[in-house]
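Novice: To start, I am sharing the structure in question, which I have written as structure tokens.
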Amino acid sequence: MKPGIHPKYAIITANCTCGNVIKVNSTAGKDLHLDVCGACHPFYTGTQKVVDTGGRIDKFNKRFAVLAKK
């Protein structure tokens, strides 16, 4: 590696709104604020919900049920 051309890595803290603190290596050099992380994201915690506005999923299933039968 050539000296003097590579960015310096620093250990920074990524703070999540849930209170989780993650230490990572970064070239940014400043701390990060996260809205979601692996500890509070609905997909990873198993609390994922399907939001159906106006019965759109039911309408879709009715429309394409004919094609599924073929």
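Cβ coordinates come from backbone N, Cα and C, glycine included.
Residues annotated as Zn(2+) binding site in Swiss-Prot: Cys16, Cys18, Cys37, Cys40.
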Novice: Report, as a single number, how many Cβ atoms besides its own are within 10 Å of the Cβ of Cys16 (Zn(2+) binding site).
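Specialist: Within a 10 Å radius of the Cβ of Cys16 (Zn(2+) binding site) lie 18 other Cβ atoms.
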Novice: With an 8 Å cut-off on Cβ distance to the Cys16, Cys18, Cys37, Cys40 Cβ center, who else from the chain surrounds the Zn(2+) site?
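Specialist: For the Zn(2+) site, the extra neighbours are Thr17, Gly19, Asn20, Leu34, Val36, Gly38, Ala39, His41.
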Novice: How many neighbouring Cβ atoms, not counting its own, are there within 10 Å of the Cβ of Cys37 (Zn(2+) binding site)?
Specialist: 17
Novice: So, in DSSP terms, is Cys40 (Zn(2+) binding site) helix, strand, or coil?
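Specialist: Coil, per DSSP.
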Novice: State which of the following binding-site residues has the fewest other Cβ atoms within 10 Å around its Cβ: Cys18, Cys40.
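Specialist: Candidates: the binding-site residues Cys18, Cys40. Fewest Cβ atoms within 10 Å: Cys18.
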Novice: Can you check what DSSP calls Cys16 (Zn(2+) binding site), collapsed to helix, strand or coil?
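Specialist: The residue in question, Cys16 (Zn(2+) binding site), is strand (DSSP, three-state).
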